[in-house]
Amino acid sequence: MANDSPAKSLVDIDLSSLRDPAGIFELVEVVGNGTYGQVYKGRHVKTVTAAIKVMDVTEDEEEEITLEINMLKKYSHHRNIATYYGAFIKKSPPGHDDQLWLVMEFCGAGSITDLVKNTKGNTLKEDWIAYISREILRGLAHLHIHHVIHRDIKGQNVLLTENAEVKLVDFGVSAQLDRTVGRRNTFIGTPYWMAPEVIACDENPDATYDYRSDLWSCGITAIEMAEGGPPLCDMHPMRALFLIPRNPPPRLKSKKWSKKFFSFIEGCLVKNYMQRPSTEQLLKHPFIRDQPNERQVRIQLKDHIDRTRKKRGEKDETEYEYSGSEEEEEEVPEQEGEPSSIVNVPGESTLRRDFLRLQQENKERSEALRRQQLLQEQQLREQEEYKRQLLAERQKRIEQQKEQRRRLEEQQRREREARRQQEREQRRREQEEKRRLEELERRRKEEEERRRAEEEKRRVEREQEYIRRQLEEEQRHLEILQQQLLQEQAMLLHDHRRPHAQQQPPPPQQQDRSKPSFHAPEPKPHYDPADRAREVQWSHLASLKNNVSPVSRSHSFSDPSPKFAHHHLRSQDPCPPSRSEGLSQSSDSKSEVPEPTQKAWSRSDSDEVPPRVPVRTTSRSPVLSRRDSPLQGGGQQNSQAGQRNSTSSIEPRLLWERVEKLVPRPGSGSSSGSSNSGSQPGSHPGSQSGSGERFRVRSSSKSEGSPSPRQESAAKKPDDKKEVFRSLKPAGEVDLTALAKELRAVEDVRPPHKVTDYSSSSEESGTTDEEEEDVEQEGADDSTSGPEDTRAASSPNLSNGETESVKTMIVHDDVESEPAMTPSKEGTLIVRQTQSASSTLQKHKSSSSFTPFIDPRLLQISPSSGTTVTSVVGFSCDGLRPEAIRQDPTRKGSVVNVNPTNTRPQSDTPEIRKYKKRFNSEILCAALWGVNLLVGTESGLMLLDRSGQGKVYPLISRRRFQQMDVLEGLNVLVTISGKKDKLRVYYLSWLRNKILHNDPEVEKKQGWTTVGDLEGCVHYKVVKYERIKFLVIALKSSVEVYAWAPKPYHKFMAFKSFGELLHKPLLVDLTVEEGQRLKVIYGSCAGFHAVDVDSGSVYDIYLPTHIQCSIKPHAIIILPNTDGMELLVCYEDEGVYVNTYGRITKDVVLQWGEMPTSVAYIRSNQTMGWGEKAIEIRSVETGHLDGVFMHKRAQRLKFLCGRNDKVFFSSVRSGGSSQVYFMTLGRTSLLSW
């Protein structure tokens, strides 16, 4: 290369004497940015391509630009430095700076940074790195010999020619050393490659450095070629400037490199520059010196350059970056270039000589140019005047165009506003239309309900009318039957006297009572015929009195006295029991004699009265309940007609059994038992099972109604005495047996549930803690409840017949269950759970673990009788136990519905479900991924498929997952995982492929990466502010702040670090005050503290001094609508309202009912606390209690995650197994809280 260029001092360079480049060079396109100007790809009109740096010459920069030209002119004549060809001045109109064109050698293969980016794995081979590093050191040795520091060595300032030659460029920050001092103290360069002594110049004005700072940058560039980027490149540049002087020297991360390479890096990166080897010493290093295959390396580099250009070729020629110190540009695509060859391009030396000759001619002609300029000044002034006019007109046109654009933009803005207004109006109309349709639908449903109610009322009236007619017909029949029986009685007495007048009656002690006779009932010896006639007459009259009193049945069903019926009879007649009474008693006691006995017809006064069966306090059946009112009315009419009332009704009971058969009752066998009505004054609160009650009612009806068919058959054959006696019982027995069969057939076809059915099953539905084992049911994981969530029963605690409308709180488990609700004495709603089969009431195991105590506002209680329940649930510190709030044992587990006509949609009701899957180890965290749930345990990561059958897919095993969050928009899962509690980021596409196995390319890639080198992470929080996603991390004794960097980085990069904190952080969050100031809020065992991100100052927000020992912080809740200034901090069993400066904002302390294990902020401005005895829901604004879910036994629960109205939490049972609970908070309920 030419070395004959005379060295000139700075004063010898006269910028005004440079020629205009017009006709010599022309610009083609921009290829990069330098420190003082843009770099163009240019073309010499007669020879080849050149690099042209175009700079505006201002008075402030004239000295620096002159210095750069001087450096290039003197020291660019080296094979490893881009050659300086010449400089030109392009004149500009008055008022504008002239342009300096700096023409240099064009390196067509781009920079080392481009080479690394275009290489697989973003790493170069070790022999390539050795070759490039040697060429860099040779160029630096040339500069250092001449006492010049480059000061900006980095990958982008090391270029390659098409022949794989290495050239140093960009002398924009180079400086010549003062020959006496030998050191510089100017702070300039690129941060990541900057030497520690250069950075120290900014902090200490007395600090100095020398040419060995370039050797540090050379070592960093070698690491860049080996690892794809310089150390600390994932940090903010100002953060890197802070860490480089303080961190130990960087080293190669991978172990694959040779010892010579490690040694070379170690030699370059010595922090004390006085001990750093010189350039000549590094050139003699074995890594640089021993390169036996240099020619082969150059061939490989050239072939790689050609392959990359062909692979990415989109244009005709290649363009590369010429980058400055402060700006890093994106990768520029490469294009087709000239054919590659090891031989130098012909004409290169001729071009250099031509530029030197042109430069010399410029100097000789400078004087002539000055004279010519003086002559042309007049012309220039005229031209300037003309140009000024043109510029004024042009400026005017530009202003007009701007005004037109402004008006057009204003018009477009108004049109957009009009469109938005129209869209808002359209949406408003659509919403009004939707509300109107919903109102119409609601009215239609109300109208249908009203019509159904009216139809039901009409049907009931028709049934009552039918029953009334039946009763009247039966009454008429009974009157006829009474007359026939009186006639028959007279005939029988007449016929009976004649045989007795002829026979001698035997003694009563020898009479065999065990042999019944239907032909001749033998009289007692001391009775005269008149007495016997009275006995028969009284027996018949007693049965008739019973038959004609239908209204007395209601009293017999509800009177608590078991001796009422017998007392009623004896008050009428002191005589022994009649024949019909005897028959009734023997039937009641379920006598198994196949034929009716004669004893009741011929018993003496000395006979012992058989034991009476006490009248059972039987509960009213559904049919009888519905027909109670009309019957009482009918009973009043009959009593006005002169009939006696009696409590032992026979024929009416048979009639009611017939009515029950004729009118099918829509009640279930399992739940349609009866309990005593609270309106009956003497009703007993105890109750029996429903099936048993109906059985007793039927058996009573059989026994007590049996005389009626016997009397009917007797009336048909009054002339035949023997047939009369023979037909009395068998006919009734056959009739009642058939009637019982029909009733049982009707019961079997009843629908399963009806809101008018009653059940009081204290014996069957009692639950204990021992019975709370989970009953697994296939497919019950995502089961939904049926539309009927309530059943009907009476409540002794509702006075004056008042009823309340409640919304049932559903607690789902592994089996479908039916909740029931009773208002307690304190006014608090207690939800319990009962189960019923479709036909029989069975003893079951309760699988519910929760007893909700809900604020009446939550359940939307609307009492039907005009009363309002206003009591709010209270909660004591020691917790309420379910046993303490139950009713008396006879009411335990009752099914209660206090608003039978109101059925609410399922979406309004809060639910708790438990997934069937049992995890072998404790669940530590979870996150929703779409609709499915990622579950992290002590032993791995799994996916719970909530969209299907609840299947669990294992994803990662033998790794502990402590915390996780899904960021679907970024395709990452952020976790704290592993034995060392590292912050790992998993790619969702990789996890998805582990389930689907449909992308082989994804399987080959690494599925996760770590955030920095952080270990021992305690807690983190992802905070989204506008479009920035911050990741604030609590370590054992420090807090780190990272920020997400989009493509091409696509990772979290370090933003701030706060180490050696006085209090070890346990909980961390980040707030943005008024959209301007970032503050880290963290909780420790001493209280809550804040860190100002900008200044790094740490101060206390709240220290609970009333607690002597250490505390456990639960949650930091940034209150909405406070510009990030106000907080609710929860610890132990309390919560305090403070602002970010430590001032108490509310004189309110949120007090949990017990010590919670987890506290979480949920939607609708509420917070939930999970304790061992209950789950509490409280308002985040006031701390008031909104609802409580009591546990039936103490258990440890942990909040996992939530979205909208869904909350997930887990339970840990003995042995370490866990299950996931899924809680849906009803939308309407939440909005009304």
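Each residue, glycine too, has its Cβ placed from N, Cα and C.
Here Swiss-Prot flags Ser5 (among others) as phosphoserine, drawing on similarity to another entry.
Swiss-Prot lists 25-289 with the feature domain 'Protein kinase'.
What Swiss-Prot lists as ATP binding site is Val31, Gly32, Asn33, Gly34, Thr35, Tyr36, Gly37, Gln38, Val39, Lys53, and the listing cites sequence analysis.
Residues annotated as active site, proton acceptor in Swiss-Prot: Asp152.
Look at Swiss-Prot and you will find 305-348 (among others) tagged as region 'Disordered'.
The phosphoserine annotation in Swiss-Prot covers Ser323 (among others), and the record cites a large-scale study or a structure entry as its basis.
If you look up Swiss-Prot, you'll see 401-463 (among others) marked as region 'Disordered'.
Annotation comment: Swiss-Prot describes 489-805 (among others) as region 'Disordered'.
Under the heading compositional bias 'Basic and acidic residues', Swiss-Prot lists 521-537 (among others).
According to Swiss-Prot, the feature phosphoserine maps to Ser543 (among others).
What Swiss-Prot lists as compositional bias 'Polar residues' is 544-559 (among others).
If you look up Swiss-Prot, you'll see 654-663 (among others) marked as compositional bias 'Basic and acidic residues'.
Residues or ranges marked as compositional bias 'Low complexity' in Swiss-Prot: 666-692.
The annotation phosphoserine is assigned in Swiss-Prot to Ser703 (among others).
According to Swiss-Prot, the feature phosphoserine maps to Ser706 (among others), an assignment based on similarity to another entry.
Annotation comment: Swiss-Prot describes 713-726 (among others) as compositional bias 'Basic and acidic residues'.
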Reduce the DSSP letter at Val39 (ATP binding site) to three states and note it down.
strand
Pairwise CA distance, Asp152 (active site, proton acceptor) versus Val39 (ATP binding site), rounded so that it is a whole Å
17
What is the Cβ neighbour count of Asp152 (active site, proton acceptor) at a 10 Å cut-off, with all protein chains included?
25
Find the average pLDDT over the domain 'Protein kinase' (25-289) in the predicted model and report it.
83
Counting across all protein chains shown, how many other Cβ atoms sit within 10 Å of the Cβ of Val39 (ATP binding site)?
25
Tally of residues which DSSP labels helix, strand or coil - the region 'Disordered' (401-463):
63 helix, 0 strand, 0 coil
